[in-house]
Amino acid sequence: MHKKDIIRLLETIAVYMELKGDNPFKVSAFRKAAAALEQDDRSLSEMDDMMSLSGIGKGTYSVIKEYIDEGKSSTLESLQKEVPEGLVPLLKLPGLGGKKIAKLYKELGVHDAESLKEACEQQKVQGLAGFGKKSEEKILQALGEAGKQPERFPIGYALRIAREIEEHLSQFTHIIKFSRAGSLRRARETVKDLDYIIATDHPAEVREQLLELPNIKSVIASGDTKVSVILSFEYETSVDFRLVTEEQFPTTLHHFTGSKDHNIKMRQIAKERGERISEYGVETVETGEIKTFPSEREFYAHFGLPLIPPEIRESGQEVETYSDSIELIELGQIKGDLHMHSTWSDGAFSIREMAEACIKKGYQYMAITDHSQYLKVANGLTAERLKQQAKEIDALNAEFENFRILKGVEMDILPDGTLDYDDDVLAEMDIVIASIHSSFNQPEHVIMKRLETALTNKHVDIIAHPTGRLIGRRAGYEIDIDQLIELARKTNTALELNANPARLDLRTEHLMKANEQGVTLVINTDAHNIEMLDDMKTGVTAARKGWTETKNVLNARSLKDVEAFLKRND
């Protein structure tokens, strides 16, 4: 448990109280307590005096203490019994907060999406104070869009489901090995369904275990070589499991990894040699003999090719253009993480705790880059607080051996095109990240002018999540990617691949362009808690898909080389 868990609890209780129609002062008390914790620079393990914080009283403290001691909240459980379950999902609808939903519940008897839709269709909602005809129309539109089964899932959702499935597979008996296949193995940013290849000598036993997986809504197929199920999570998710022998595993894995175009190209090569590729192996057409391979590497070697990384198996052209001389970045080459947050802004853990987690990963360095003063919602740091934070970092650096914490900041590029700090403040930083968090709807030329201001400032080292997109949720702001890459090249400023699975920004095609131009890239997690540091794996996979070579990745370099880059404009 960390501080963010408690903040979420307090905010959730406030929302439920609002839905119930409780006294606004009680609602406010829980929101104030959440804000008090958010604004305190310490992590949960460092706080032994919560009652001394302005905003936390006896009532809210007793709720916090129960949650810490017992891992549950009787206050929240009681509220959940009193508030209709169907009201909570309505909070996801744009324009509907707790107060408005409480009004709909109290005055119209709205208790779920269906009853809200009915009230709107009967034009009852527009008659309530605080609503109108346009509000009613927007609610109906939002209800129509909510809960729709997307054709393809964002990779972040697919990864969550995959990890849950793999946790079960790793505990099954009679499985020799298993692997993801399909578009998830190729690291596509959206995924239609999940595919697994399982090597086993006991397919019947494995099949029975697969049919006992939790969350199965329906079974589509259940044979000795294939089990297909629909799993019910946030969305209904189709999963195919293919059961093969160990010797068939490499060619089956290759076949079902795809892509279609990659497989077509490989089949053409085989045909020219008088061979035929199938999921079972490589058949010599003349004799009917089928050859299998110990691994995909030997499969490709059979055709005189290097092992082509699954992430780049897309157009088929990679069969001709990829060679062993291309050194795509690997997770083990990452030496540090240069974008993360602590309790000084909106992170869940202290600088020490984040540093200790990075040391456990074997990193040589990290950068603490809390939000700047403009982002008040994230408890952004004033220039004075940056100075105070620097003292804490200095003390930790004096304590740690063979590890360096870089003093940094994630500075907002403001809507008017100026930067959130003056140059004299930035000059004191080891590393400066610049990013856009506001006014996404500005026209392209205005956005580009904002980015240019940052890129041409000699103190700015990195542009974070350069397009602002969220996969499947937000397209991001309008930018000229070619101009951005050229500016980054000219100013020798690094562009970030934000490894958060919801972002993966820069995207694949942008990474390809940046790599072609030799732009310095940096793979950062933007971690707001210790668990998010693990997103580096997803980021590296996304970087590989964009043909990112080790030589172009800033945080694959030694501390000495990183420091040289950061001082390039001195």
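The backbone N, Cα and C atoms fix where each Cβ goes, and this holds for glycine too.
These numbers come from a predicted model, not from an experiment.
The Mn(2+) 3 site recorded in Swiss-Prot comprises E410, H465 together with one of H262, H302, H437, namely H437.
From the candidate list D112, D240, D261, the residue Swiss-Prot records in the divalent metal cation 2 site shared with D193, D195 is D240. Annotated Mn(2+) 1-binding residues in Swiss-Prot are H339, H341, E410, and among D526, D534, D535 the one listed with them is D526. Cα separation, H371 (Mn(2+) 2 binding site) to H437 (Mn(2+) 3 binding site), rounded: 10 Å. Its own atom aside, the Cβ of H371 (Mn(2+) 2 binding site) has 24 Cβ atoms within 10 angstroms in the protein chains shown.
Cβ proximity to the Mn(2+) 1 site centre (mean Cβ of H339, H341, E410, D526, cutoff 8 Å) flags the following additional same-chain residues: M340, T369, D370, H371, I433, A464, N524, A527, H528.
Long-range Cβ contacts of D240 (divalent metal cation 2 binding site) within its own chain (separation 6+, distance under 8 Å): D193, L194, D195, Y196, K226, V227, S228.
Per-residue pLDDT, averaged over the region 'DNA polymerase type-X' (1-315), rounds to 92. H528 (Mn(2+) 2 binding site) has H341 as its nearest neighbour among the binding-site residues H339, H341, E410, H437, going by CA to CA distance. Within the set of binding-site residues H339, H341, E410, D526, the entry lying nearest in space to H437 (Mn(2+) 3 binding site) is E410 (CA atoms). Mapped onto three states, the DSSP output places H371 (Mn(2+) 2 binding site) in strand.
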